[in-house]
Amino acid sequence: MDIAIHHPWIRRPFFPFHSPSRLFDQFFGEHLLESDLFSTATSLSPFYLRPPSFLRAPSWIDTGLSEMRLEKDRFSVNLDVKHFSPEELKVKVLGDVIEVHGKHEERQDEHGFISREFHRKYRIPADVDPLTITSSLSSDGVLTVNGPRKQVSGPERTIPITREEKPAVAAAPKK
């Protein structure tokens with residue numbers, strides 16, 4: 001009996017860079033793309049290659065994810081919380097951790113009833129004073145938590161290099 005063997009590199013020549021289907025990466029309560037539900041193109045041809053994720057993936061704001069940035073002068077976290085009102089969100093600083101919590105009770109939307117809750121924690125960098133951290137909510141549902149970074153004190157100086165005549169590593173004794 002003959003058994004057909006399908007080699008994965010024929011279908012996905014860039015296997016390490018191939019991302020899994022977004023179907024399993026979705027957040028509950030969010031929409032799916034039509035391409036996530038119907039894989040007709042992949043079943044019609046063994047040579048069909050799905051576009052790389054960086055070409056087809058939406059930005060972080062459309063996926064419900066967060067973005068943490070550490071810039072030269074500030075630390076910031078941007079978090080998509082468009083499904084929550086300001087009263088349903090809490091931002092706390094506990095030691096060197098920022099904790100963001102959002103919760104809304106069950107309510108009806110166009111697909112039925114849904115309730116949501118999330119907890120996110122972010123470590124505050126050592127050069128950010130926890131007392132200076134602020135948060136704001138934009139009109140499009142992006143929560144921004146940020147704080148200024150402490151500036152490095154003292155001016156920059158060049159350290160001269162001296163040359164020594166002896167080796168840094170002593171020679172091993174000969175046998």
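Glycine is no exception: its Cβ is also placed from the backbone N, Cα and C atoms.
Screening SER43, SER53, SER59 against Swiss-Prot annotations picks out SER59 (annotated as phosphoserine).
Rounded to a whole value, the Cα-Cα separation of GLU106 (Zn(2+) 2 binding site) and HIS119 (Zn(2+) 1 binding site) is 17 Å. In the structure as shown, the Cβ atom of LYS166 (N6-acetyllysine) sits within 10 Å of 5 other Cβ atoms. Neighbour counts were taken as the number of other C-beta atoms within 10 angstroms of each residue's C-beta; across the binding-site residues HIS104, HIS119, the minimum falls on HIS119.
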